[in-house]
Amino acid sequence: MSVNELYTKYTRVWIPDPEEVWKPAEIIRDYKEGESVLHLKLEDESTLEYPIGPKDNPLPFLRNPDILVGENDLTALSYLHEPAVLHNLRVRFLESNHIYTYCGIVLVAINPYEQLQIYGEEVINAYSGQNMGDMDPHIFAVAEEAYKQMARDEKNQSIIVSGESGAGKTVSAKYAMRYFATVGGSANDTNVEEKVLASSPIMEAIGNAKTTRNDNSSRFGKYIQIGFDRRYHIIGANMRTYLLEKSRVVFQAEDERNYHIFYQLCASACLPEFKDLALTSAEDFTYTSLGENIFIEGVNDAKDLERTREALSLLGVKESHQMSIFKIIASILHLGNVDIVSERDGESCHISRNDPHLQHYCQLLGVELEQMEHWLCHRKLVTTSETYVKNMSRAQAANARDALAKHIYAHLFDWIVEHINKALYTSSKQHSFIGVLDIYGFETFEINSFEQFCINYANEKLQQQFNSHVFKLEQEEYMKEQIPWTLIDFYDNQPCIDLIEAKLGILDLLDEECKVPKGTDQNWAQKLYSKHLSSQHFEKPRMSNSSFIVVHFADKVEYQCDGFLEKNRDTVYEEQINILKASKFQLVADLFQDRKEVPAPPSSGKSNRINIRPAKPIIKGHNREHRKTVGHQFRNSLHLLMETLNATTPHYVRCIKPNDDKEAFMFDSRRAVQQLRACGVLETIRISAAGYPSRWTYSDFYNRYRVLMKKKDMTIGDKKQVCRNLLETLIKDPDKFQFGKTKIFFRAGQVAYLEKLRADKFRFACIKIQKTVRGWLQRTRYLKIRKSAITLQRYGRGYLARRYAEYLRLTRAALICQKQYRMVRVRHAYLTVRKAVITIQAFTRGMFTRRLYQEFLLHHKAIIIQKTVRGWLERKKFLRARNAAIVIQCAYRRVLAKRQFKQLKIEARSAEHLKKLNTGMENKIVQLQRKMDDQTKEYKTQNEQLSVTNISLGTEVNKLQKELETLRSRQGDNTQVTSLQEELEKLRAALQEAHTQRKKLEEEHSSEKLDLEQRVKELEKENSMLKAEKEEMNQRIRHSQGSEGQENSVSQKEVRLQTELDEERLRYQNLLKEFSRLEQRYDNLQEEIAYNKFAPGHRRNPSEQSSIGSESPFPSITMSEVGDTEDTIQQIEEMGLGNAAMDLSVFMKLQKRVRELEQERKRLQTNLEKMEELSKRKPIDPKSSTSEEDTNTDLAYNCLKRQELESENKKLKNDLNELRKALADRASESCSSNELQESYNLLLSQLKAANEELDVRKEEVLMLKTQIVSTKKPKEDTNHIDANDVTDWANNKKPIDKEEALQAYQGLSESKSSKTQDWGYLNEDGELGLAYQGLKQVARLLEAQLQSQSRKHQDELEALHTQIEVLKEDLEKKQEMLNHFSTLPPEALVEFSVQQEITRLTNENLDLKEIMEKLEKNERKLKKQLRIYIKKVQELELAQAAALQANRARPELTRQVTVQRKEKDFEGMFEYYKEDEALLIKALVTDMKPHVVSATVPCLPAYILFMCIRHADYINDDQKVHSLLTSSINAVKKVLKKNNDEFEMASFWLANTSRLLHCLKQYSGDEAFMTQNTAKQNEHCMKNFDLAEYRQVLSDLSIQIYQQLIKIAEAILQPMIVSAMLESGSLTGVKPMGYRHRSSSMDCETGGPGGYTLEALIRQLSQFYTIMGEHGLDPEIGQQVIRQLFYSINAVTLNNLLLRKDVCSWSTGMQLRYNISQMEEWLRGRNLNQSGAVATIEPLIQAAQLLQLRKKTSQDAEAICNTCSVLSTQQIVKILNLYTPLNEFEERVTVSFIRDIQNRLQGRIENNQLLVDTKHTFPVLFPYTPSALSLETIHIPASLNLDFLIRV
């Protein structure tokens, strides 16, 4: 095309601009060739006359049509030049927020300075396995391309990531490695991919720093090789680093930082393990404070150190080594703070030995302080004859110190990299690798030094490699398509590289100058000027003699010569190094040892450490380690890198920094252009533009430009020939296009020309259509107006006639109304007057009658008052007289009582009173008195006989003295008895007070109870009223809401419940899925051991197969034992389920009472044991006091009391059980609170009766024991008792155990053996003493009774108080509830009452459920026991039957019943021998093919297996059942593993496994599964075994088979989905451009895989559904399979839609909606509407609608928000950003419209996820579907070869 055709009116162009670089404009006048001015109109509507010159100002660049703006690939643009590239990047970055763009083979990545959610695992899964051109540009697409080419071509790959500082190189490389770690996870548990990723935080800590351009700038280059094995799993990695910026350790520019690790250590200095480092804030150290900013916004250095330490630990760095590393880093900081003091002469300096930083430095590195202090200020000069030690000035010493710090850090950096490589090293053989190169881009600053020179030198080499590779790819593409091409001239930067690295080049001259003893930077610059000024790539600045300019491929760079030599030498004094080599820390010493590749003589190493030997040339050997200059080392490593890259297939990622302010999504055109020029993107564009950049396939070109063809051309069947004819007609110049084998190649601008022709054709067609339509519209409008006028006239005339008739009718009606109204008004007035008169009469008569009634009423009241007053006066008089009489009587009676009391006191002191007290022993006392009289007579006789002698007088005197003492002691005993009586009276008074208090409390309790009952009644009334109101409100709500609201609420509840159930199922089934995956992985590992031969091909590993552990989904199922006792279960059964929990409080109180009694018994027993021990330890004194006797008596009493308490406890326990039973019986009758109170009262009464009976028994026992003691004779010394007395005891009403009585009596006798004689002296035989002991025991008995009574009352009081508190709490709760009710509105009141009712019912249901579970457990336990007993009986019978057949060699499998049965009486069982089990499994499972049994009963193998199981159950052979089921399950697993990619086999065994599971349920005997059985089927139920555990195992196996079935089906559908849903169909819109796929990405010559149509996808689904139906799979399971497959179709299609710009158009939405309707029609045709499949594709439906909706106004935004309810906000915005018009008549979605959508969707609560999880699986549910088939009707086909089965 000529210039006149291109530069016409309305053509848009680009013109230069100083600010925006390029500015758009539009031609407003046609341009004629040769004119000097081009008339333009700018965007601000201003005009511009653009000068045109042949040399200075050429014609401006043409703009691409809007249809091509925003393309994924820059080379797809029609016009390829700098402004088009810049504009395309700007539009994608700012409007669509797309940071990635292809430029041929280069991925351009723009740093967004913001975290984007496009790097998740779901995105990795979406890009995995895709061709590079199929999806939107992404770093994952480049990584996938490298991975795919490595697997397919078996060639090593490299990803080269470059860009300037802050462009995002490190992040891009990190994401690429993450992709490889995910898709190529290690096959074993070494977790190599985790270690590879863990190296990133370590390298960032020690190699990254903050600069003015980037907060996390990598200050070194690295090349990471990720190794793969033959199966393309990661097995190891290796890292190489380049040109660490050591100068940053000692110097940072303003607003920059040192390496991150220094600040991380300072931020964590407070940790206890870092106290020895002596670190403080980073501001306190010179090396970290030079930049004057130690913080980075949003970065926590302390947490970063934790991540660094975790990464070091993961890579195997020990804690000790970590601390050594931190010590070395801290020592560098201290070294920078060492204060070097200059001497006066200025030629020397010194360091104070007390310098704390020097001390810390030496201590941390383990070196000598004196030596380091000396050699930091001195240096050694070695000549041929002598060695000198020379002082250094302060500046020289500071430089040497800084050089030492840099050297230490560089060696530490290398050591860490080496250790990381060791951790990532693998002994396995590496098959291939992918390298990721993260290296610095082209740099130019105001001051450029040695580092920038090396960086730009490296970029020159990389650019040369890049140019040659791009040219090579272009050449291969043209040769592949077999089109003629000419040599493309591209920029070759070899002269610039030769200038730098050739002989006598810049580096060579620099190394030569470094060897000169007194070489300087100025001398080196002069050598450069003299040598290279003639080179076109070398220039000398005009104003400087110490700098030079190199013309690089990107730009001219001026380098300052100052510091080149020093940095190239990297000089470090060996004396300082030798001190570090002698460190006592092994790691420090190892850092500076000689490298193996440059071995040094051993003698030189020793001499360096021991002494200095002058005048020996061998000393020069110490400098060998530092002989290589930095430039030389960098050149060698760069050559090695280039050799590696040239041996691999490179992939390029160019990172662009959009602005210098680090602002998110801000684009600076000037900075972007600089980087595009520097990184080679524009060179790629230039090479592409020199050839044929635009490439279209024949089909795409035909579909796009067929509108330009003629009708006769459309009849030709060959599309290639049609395209040839069209192009030859439209484009006259044959050089502008070429025809390849599969594509048409166009020169730059030709596609734009074709688009212009197409737009003109459409514009002409539109004008013609508009003309015709507008004429038709006007004609239609005229006819409508004419018809409307005629209609209006007709209706107008009719209206006037009807209005006149209405007037006449209204006039007549008015007359009638007036007549009637007047009549009514008069009658109404008459009736009003009449009613008023009657009312006045009635009120008057009533008034007179009421007055008369009031008079009579007052008279009657006066009479009543008089009568009452007179009666009150008489009664008052009577009461006064009666009270006076009572007072007199009381006074008189008091006098008489006092007299009687005195008399009683006198009598109380006499013996008669004691006799009365001991009423029960009167007869015994009389006998004793008679005996005493007889003894007195004998005694008198003896006295008379002895009176003769003189000794009798002395005896009488002694006797009188003894009697005097006895009388005195009696008087003392009488006083004790009196005191005891007083105590008894006090106790009785206290008892009376207790009774009084109890009565008061009972009265209070009864009154409170009445009040509470009344209150409860009132509350019940209020509750009933509230219930009535609630019912009314509910009715109102029901009427107001209507049926639709009810259905919605019910459906919502059902959806929530179903969702929760599905989540539970999903969790369980995921565990099963993980188990099966691990099982498969285990088998694969076993196979891998024997894997020796390599099979070529691409074997991908799914991303989830990196060492992920899981537990087995087959839990060990054991029968749970019943945890409750039989008594408890029996009581629950007696009480009833409804009242089981009702009397819990009563039982708790009973148990509390029993515990108290047990504690009391233990306490008394302990006291008794203590008293017995004291009595045994205490020696027997015959002259002891009476208190010892009392103690012994107490011991005997306590012993008896203990025995009685034991018997009492037994009785109380019996009573307690009876009370429990009684309460349970009463609780079963009623559950009201009144019944509970009556049960409690019954309990108290029975306890009271038991206590009273206990007291009586204690009293009787103690009385009997007193009689035993009293019958002891004074002179009897033995410890035995007469048998007659024992007989008398046995004849008492309350018999006592003889052994207990004997023991008690012996204990009492032993305690009183020493006092027997003393009692004899008192009153001759001690009768009064025994009587006193009896009285004392009676008093103690009364005291014990009183104490027990008081305790009983206290218990009753506590119980009553507890009951009162409970009632009070209940009352308070009800009061609070009532107050709450009163404050609630009616709606909330109804809701609250419903919630209360639901809560109550829930609690009751939980209680009932617990009881039911206990009963079910007990029932299962009993059933299990019953089965065991039955089994034992059957085993006994079988043993007896076997004994009869013992003589036979092999028992025949016959039964007595079988012989007599006819064929029609088959029981539906198959009998087989145990040794035939393997044949059975082989025939039914291992060798079974689905087509063999296709014509028989569905699921026949399952029925046969179950019938065999039934027979084993019938004969009660548990081993046979276990063996058959286990073998079957294992065989099914092996078959499925062998055929892991066959859908038919998985479907067949899923149907059979589920049918076997249903049979086990149907014939299990459980009533829940027998409801649909026939009577015959119920007879076939299993009798002996409960196979619930195997049912669970089969259920788990079914889930695994289902998951495998889904996996197989998804793998079959995966390659079909995108092509069928998005790319096929008659309505499908073509891509807006002919996207040029990378030839390396395609698997076939046609450029990609063959396309699938929607019909093919539907046919495949129909095939799946038919196979499942033929195999007898339950329809419910089939529906779930279809639902899952539809979800997979939705996920894959929607993810591709969200990641492909070329399919986001209106026509695609229309075609997608049509395809979805076809899928829905397929569902309806197979009655799968209720399967839920339609709901799974709802997001896809809404995405199609979104593509078709209008996208302009706010109403459109509202419609989109309402329509797209399932899509997330991120998905909606993504589709709107990707939306691409297919022609000029559509418009792009504006940024303001997208912002409006985002604002409207801010309040939506959703999971804001971009991509759909393609691995999500719905939980499968196997509904119970019993079989109607009778087992006895099943026959085995002969083809199965199961002749050994016997039909039973």
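Glycine is treated like the rest: Cβ placed from N, Cα and C.
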Exercise for the section: Identify the region 'Actin-binding' range according to TrEMBL, selecting from 385-407, 638-660, 1650-1672, 1811-1833. Expected result: 638-660
Handout entry: Intrachain neighbours beyond the region 'Actin-binding' (638-660), with Cβ under 8 angstroms and 6 or more residues off its ends
Key = 89, 93, 103, 105-113, 139, 142, 145-146, 149, 153, 155-169, 172, 176, 213, 223, 240, 242, 435, 437, 441, 457-458, 461-462, 465-466, 469, 666-668, 671-672, 675-676, 679-681, 1640
Handout entry: Per-state residue totals over the domain 'Myosin N-terminal SH3-like' (8-60) - DSSP helix, strand, coil
Key = 0 helix, 24 strand, 29 coil
Exercise for the section: May I have the list of same-chain residues other than G163, E164, S165, G166, A167, G168, K169, T170 whose Cβ is within 8 Å of the Cβ centroid of the recorded ATP site, in sequence order? Expected result: N111, N214, S217, S218, G441, C655, K657
Fill in the blank from the handout: The number of other Cβ atoms within 10 Å of the Cβ of K169 (ATP binding site), counted over all protein chains shown, is 27
Practice task
For each of the binding-site residues (G163, G166, G168), count the other CB atoms lying within 10 A of its CB, then report the residue with the highest count.
Solution key: G163
Completion exercise
Same-chain residues at least 6 apart in sequence with Cβ under 8 Å of the Cβ of S165 (ATP binding site), in sequence order, are T211, R213, N214, S217, S218, Y440, G441, E443, K657
Problem - Tally of DSSP helical, extended and coil residues in the region 'Actin-binding' (638-660) - result: 9 helix, 8 strand, 6 coil
Practice task
Output, ordered by sequence, the same-chain residues six or more apart from A167 (ATP binding site) with a CB under 8 Å from its CB, or 'none'.
Solution key: A109, N111, G441, C655, I656, K657, Q675
Problem - Mean of the pLDDT scores, which run from 0 to 100, over the region 'Actin-binding' (638-660) - result: 88
Fill in the blank from the handout: CB contacts under 8 angstroms to E164 (ATP binding site), restricted to the same chain and 6+ apart in sequence, sorted by sequence, are R213, Y440, G441, F442, E443, C655, K657, Q675, A678
